Each structure stands twice: as C-alpha cells, then as structure tokens.
C-alpha cells in the first residue's frame with residue numbers, strides 16, 4: 001500500500017488493532033481509546049493525547065509496543081509525535097496544544113510542565129513569601145544545629161549516613177536519587193535530612209536547598225488550587241536544586257498532592273536535581289500512595305535507620321555530655337544506655353533531664369537520681385516488644401519448638417501459630433512487613449500481609465481462635 005493512500009486515521013487504526021491483540025482489554029480502554037490520530041506527514045504520525053501525564057505514561061509503559069506497531073505501518077524510520085491537548089488547563093480557560101517528540105527519536109528538549117499560553121512569565125509565587133517580589137529569595141528552612149558533626153554514626157544508621165554524605169558531596173550526581181531515609185520515630189531521620197541540606201549549603205552556596213514537611217507542602221498545594229495558581233506552585237518547586245521532603249507518608253490518600261508532587265519529582269529528577277525523602281515506613285509498606293510514585297521512590301536508595309545498639313547509645317550520651325561540658329560517672333551513663341533503648345530522642349531527653357535535675361537541685365548525679373529519671377521516661381514509653389520475644393511467647397503458648405515455627409512446614413496448627421506471630425509482630429513492633437517476614441522463617445512481606453488479614457478474619461468467625469489471640473495478647477502486654 002503506498003503512503004499516498006494512507007491517512008493518519010488508517011495508519012492509527014492498523015496500529016490499534018495490533019496493540020489491542022497485545023495488551024489487556026482494560027489497559028487498552030484506558031490508555032489507547034482516548035488517543036486521536038491527527039495527521040500524517042511522510043513517516044511521522046501525530047497523535048493527540050489528553051494530558052502530559054498521559055504522554056509520560058505511554059512513553060514509560062508502552063513505548064516499545066507503539067514503536068513496533070508504527071514500524072509495521074511506516075517502516076523503520078517511523079516517528080511518533082504527540083500533541084497534548086488539554087481541554088482545560090488549570091486556571092486557563094482556553095485549550096492549548098504543545099508538541100512533544102517521542103522518546104525513540106532524538107528529542108528536542110521538551111517544554112517544561114504545561115504553561116498556559118497567556119501566562120508567559122508573570123511573577124512566580126514563592127509559597128513561603130509575600131507574592132509580588134520579583135527576585136525569589138528562598139529561605140532553606142534548615143536547622144543548622146542538625147549537622148553531620150552531631151549525627152553520630154553507628155551500625156544502626158551507617159548506610160543512611162554514608163549515603164547522606166555521598167549525596168551532600170554530589171547532589172544529583174549519585175545514583176541515590178531520590179534518597180529515601182526511613183525508620184521509626186525519634187531515630188534521627190529528620191536530623192539526617194537537615195544535615196544533608198546544611199552540608200550542601202556549605203559546599204555549594206549557590207545551590208537552592210529547601211526543607212519542607214509533606215504536611216506543609218500539602219497545605220501550600222491546597223492553597224494554590226484555591227487561589228488558582230497551581231502552575232506557580234509547580235514552577236516554584238522546579239527552581240529547587242535540593243528538595244527535602246520530611247514525612248512523605250503524609251501524602252497517603254491525598255491524590256491531588258501526589259499528582260502535583262509526581263510532576264515536580266519528574267522534572268527535578270530529569271534535570272539532575274536531588275530529592276531527599278524521609279518516611280516512617282519502607283516504600284513497600286506505604287498505604288494509599290500511587291504506584292507510579294512508589295516506583296519512583298525506589299529509583300534511588302531506600303536506607304533504613306534502625307534503633308541504636310548499646311555502643312551507639314553510649315556514644316550519643318557521651319557526646320551530649322561533652323557538648324554541655326558535664327562530667328558524669330561511667331556507671332550512670334551505662335545505666336541510662338541499658339534502660340532506654342527505643343530511640344535517640346528519648347535517650348537525649350533522659351540525659352538532658354538528668355543534667356537539669358542535678359544542676360537545678362545542686363545535687364551530685366547519683367545512680368538513685370538516674371533511676372528516678374529513667375523510670376519516668378520508661379513509664380511513658382510503651383515497651384517495645386521484639387519480634388524474637390513474640391515468636392518465643394507464641395511458640396511456648398502452642399508448645400512448639402521455635403525451629404518448627406520458623407520452618408517451611410504447612411501443618412495447619414504450625415501455620416496458624418506462624419500467622420499469629422506475624423500478626424502480633426505487626427501490632428507490637430515498628431518493624432516493616434518485609435522485616436517481620438524475614439525474621440519469621442524468611443517469608444516475604446506479602447505473606448505477612450496475608451497472615452494479618454487471615455487473623456483478622458478468624459478472630460471474628462472462630463471462637464477458639466479468638467481465645468488464642470486474647471491469651472497471647474495478655475502475655476505480651478504484661
């Protein structure tokens with residue numbers, strides 16, 4: 001068939017019938033039915049898609065399929081060009097079109113995120129300052145006290161700290177982009193995130209660094225939608241060289257904010273800017289965060305900060321005493337370190353409170369005083385039950401050997417015991433599902449999730465099983 005007789009429509013129809021045979025119907029309906037063919041010139045087919053995100057999705061997931069389909073129709077020099085036609089861009093009532101090359105030809109630099117036509121370059125609004133000031137002075141929001149100097153290294157944070165250092169030395173230039181630091185409360189995620197920012201500012205004063213919590217980011221975004229300046233919001237964030245977002249799990253369930261963050265993230269990543277995220281969960285345990293965002297969180301490095309071990313706890317205490325110029329007997333430091341294990345924040349709180357008590361009451365710090373202070377702290381902290389302890393309690397309750405509980409056996413009573421251990425590990429510890437699985441017989445996170453669901457279901461339908469749960473719960477709550 002000569003190209004002469006071909007129309008954009010006929011070429012695209014043929015492509016579609018090929019594509020339809022090669023993907024699931026639902027995917028076809030979602031991603032291919034909305035596309036319109038626009039024009040055909042030589043060996044280039046223009047297709048119209050409804051949004052920039054739509055284009056990114058096609059390029060990310062279906063570019064090979066599109067290429068094969070088009071090559072069949074137009075030969076090996078086939079080109080696919082996109083026209084993005086947004087019927088209604090945010091705050092801009094006229095539709096507008098922009099053209100983008102497809103990834104499999106040498107792309108001209110694509111335009112930045114959809115700028116409405118009539119808004120060529122008005123004042124850019126910085127969500128942090130009064131609008132109307134032309135020269136954007138962006139306050140980094142960093143806390144200079146949170147530096148690498150006072151972020152002590154130990155086994156519990158070595159990976160995260162070294163990755164943080166590498167990023168601070170070469171922001172955007174390592175494979176740790178994004179760098180996601182995750183772990184329980186009070187272990188130093190925020191401190192490390194600030195430390196990276198502080199270090200970058202020291203080494204590269206010309207770089208724009210911004211620290212912001214996901215909660216404030218969300219509030220700013222909602223505000224920008226209300227005021228009809230979502231684009232300004234996006235452009236502001238595109239100016240940042242090192243963006244640090246704290247507690248990114250706060251975005252869960254907030255689809256609008258996730259969508260805008262997705263665009264900002266893509267832009268920053270493609271332009272070699274650095275993104276640093278902190279979270280109290282590993283990506284695999286985050287609920288209600290879109291898949292496309294989660295997959296991007298995994299592009300770089302996810303580094304977990306664990307609870308500090310005994311040696312690290314001692315160093316942390318000594319460091320605080322040294323900074324405050326206070327001497328304290330070794331046995332007292334050891335006593336505090338042995339008894340406060342859950343997190344760094346409580347450890348610091350206890351020692352600071354101890355120093356305050358002694359200077360305030362003009363008393364020597366004695367072991368007795370240390371016991372009183374530590375008791376106050378430990379009382380207020382729900383005792384962290386370890387996964388090992390949970391497995392031991394469950395095994396004893398069912399009179400099983402620990403090895404049997406962790407084995408691969410599928411005997412019903414063992415499977416139930418194993419599922420209960422997983423269920424209580426999720427309830428009583430801050431460990432990630434993957435971590436729980438690996439400690440209970442080397443299972444994956446999906447197994448743990450399934451176990452928790454099974455236990456939830458059985459508790460409501462099986463009296464005997466509910467008794468198991470209540471009994472073990474009592475033993476663990478002692």
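Glycine is treated like the rest: Cβ placed from N, Cα and C.
Taken verbatim from Swiss-Prot:
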- 1-82: region 'Domain I, interacts with DnaA modulators' (REGION)
- 82-140: region 'Domain II' (REGION)
- 141-358: region 'Domain III, AAA+ region' (REGION)
- 186, 188, 189, 190: ATP binding site (BINDING)
- 359-478: region 'Domain IV, binds dsDNA' (REGION)
Residues within 8 Å of the 186, 188, 189, 190 Cβ centre (excluding the ATP site residues themselves): 183, 185, 187, 191, 192, 278, 305, 344, 345
Nonlocal neighbours by CB distance (under 8 Å) for residue 189 (ATP binding site), same chain, sequence gap 6 or more: 181, 182, 183, 246, 278, 279, 280, 305
In the chain carrying residue 188 (ATP binding site), residues 6 or more apart in sequence that have Cβ under 8 angstroms from it: 151, 157, 305, 344
Neighbourhood of residue 186 (ATP binding site) by C-beta distance under 8 A, where only residues 6 or more apart in the same chain count: 342, 343, 344, 345, 346
Overall pLDDT of the region 'Domain IV, binds dsDNA' (359-478), taken as the mean: 86
Protein Cβ atoms within 10 Å of residue 190 (ATP binding site), excluding its own: 18
Secondary structure tally of the region 'Domain IV, binds dsDNA' (359-478) (DSSP, helix then strand then coil): 88 helix, 0 strand, 32 coil
